[in-house]
Amino acid sequence: KCTKISFKSFYAEVNTRKKTFAEVQTERSEQAERTVLIKCPPKLNEKKLLQYLSSHGNIKSHFFFENRGIHALIEFSEKNSIASLQDAIGIPSAAQHHVVPFKSRLFTFTLKNPVSQAAEEAPVHLSPQSHIPVKELTEKLCQADSISSQMYILLNEYQLTEENIKLRFLACSLVRDFTRAYFPDSTVKPFGSSVNTFGKLGCDVDMFLDFHDTQKHATKMKKGPFEMEYQMKRLPSERLATQKILSVIGDCLDNFGPGCVSVQKILNARCPLVKFSHQPTGFQCDLSVSNSIAIRSSELLYIYGCLDSRVRALVFSVRCWARVHGLTNSVPGTWITNFSLTMMVMFFLQKRSPPIIPTLDQLKELADEKDKHIIGGYDCSFVSDLSKIKPTKNTETLDVLLGDFFEYFGNFDFRRNSINLRKGKEVNKPESTPLYIWNPFEQDLNISKNVNQPQLEKFVAMARESAWILQKEDKTQQMTNKEPWGLAALLVPFGKGNPSKMKNRMKGLGSETIRSLLDSLRLTNANSLQKAVGK
């Protein structure tokens, strides 16, 4: 019963979610500016806390969550309620330590007489901030009535909740309070998985420091016989300016930021950043300086995620499958990243007949003047208004799409072909890296350059094995025997159920993989091979 409800609600959600990416970001950022975070005592009277806070203004929304103790996120209707609350709050007594006098929007709430108030207390409802373990998930999936239902259940369990999104924007807003001490016109906004509709509960918060408002302001004063401009520090390159800004903000968060710990300045990376752990919200954060192309990638994925409910369900299922089988990893290395995997799913959906999502070139054709963006010489233009994109006529079920995804990439000619989302078709590889996925905007970059041959072979083998499981399984028999079926069967490490069967199939796969590896060696290195044989 609940499966059917979630089924309908996902369709409804996609049909109603027609706001542009920019509208959603602005709305969320404004919401965050009216929000405070309060650390609460273990025995808490929710009614009394809200009553006290309401004396400073109307509370629009609130929720409680567990993170090193109970916290309350309180969103006021008016921003000036926070100033009223801050005026009534005390400075902590510093008997053992000296406090850094920074008045943030992080507060600690204590009871003056905890014993007398404890008896009245009913436990508060806590909003989950992490997804359920895979074992618990597979048990839930086995109770569904189809693979499509299983995929929507997984999406429902893993996707960011409304509360978690609010918390992410608040984390950015709290960092922005620091950056504005140096740069009054700056903003700090999330990008990537926190905003592109593909974020999983527990994922890091990527945030960027933006000075675009400053640049807009600078172009206004052009009229009249005089020209006025600010005197500013001049540096030989944008990269050096970025490094200096992040270095200072990193020190500021480290020295004065309440709850900002393990601050690391990684300034010599291709994209300089500051990594830190934000204890009050529980997030691992990466702060960089405005990366316009990364923002465009976030918006592109947001559009794809909003167009059809099947898009996100397929991406979440494939990414969960990849993590279970060790194809992706939270630390950088030679494996496929979640971003590359998401792009592979998008490409697959562009290749359906009829396509489920449009190519980037098709979205570019729908763009009007305000959608035109040329960044660093790259054309990053595409339509932002979702209502201009025609809905797909494709009616394939997720059951079919999941099986076909594994079938398609299990037999993809990775030796010759690359994946191009602009065109929505395979293109000859411009270089001989094992996996080549074109960056949608920076067309001279391969987003999967890090992936090595063994990792790609492992992916192909797992995809073939998964396609085989989905084709061969007898759902009724497995449900009777209480065995995992459908998507649940793919989330159990392979070989555990029947190792000998797995070994035989992998033997076949292994010989094919070795054959294809030898073919590629012959193609790329024919001369060396001849010399070696000659010796």
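Cβ atoms are placed via backbone N, Cα and C, with glycine included.
Any TrEMBL annotation is an automated prediction that lacks curation.
According to TrEMBL:
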{"type": "DOMAIN", "residues": "20-88", "note": "domain 'RL'"}
{"type": "DOMAIN", "residues": "147-305", "note": "domain 'Poly(A) RNA polymerase mitochondrial-like central palm'"}
{"type": "DOMAIN", "residues": "400-434", "note": "domain 'PAP-associated'"}
* **Confidence summary for the domain 'PAP-associated' (400-434), mean pLDDT rounded** => 95
* Asked: In the domain 'PAP-associated' (400-434), how many residues does DSSP put in helix, strand and coil?
  -> 11 helix, 8 strand, 16 coil
* **Secondary structure content, the domain 'RL' (20-88) (per DSSP, counts of residues)** => 30 helix, 20 strand, 19 coil
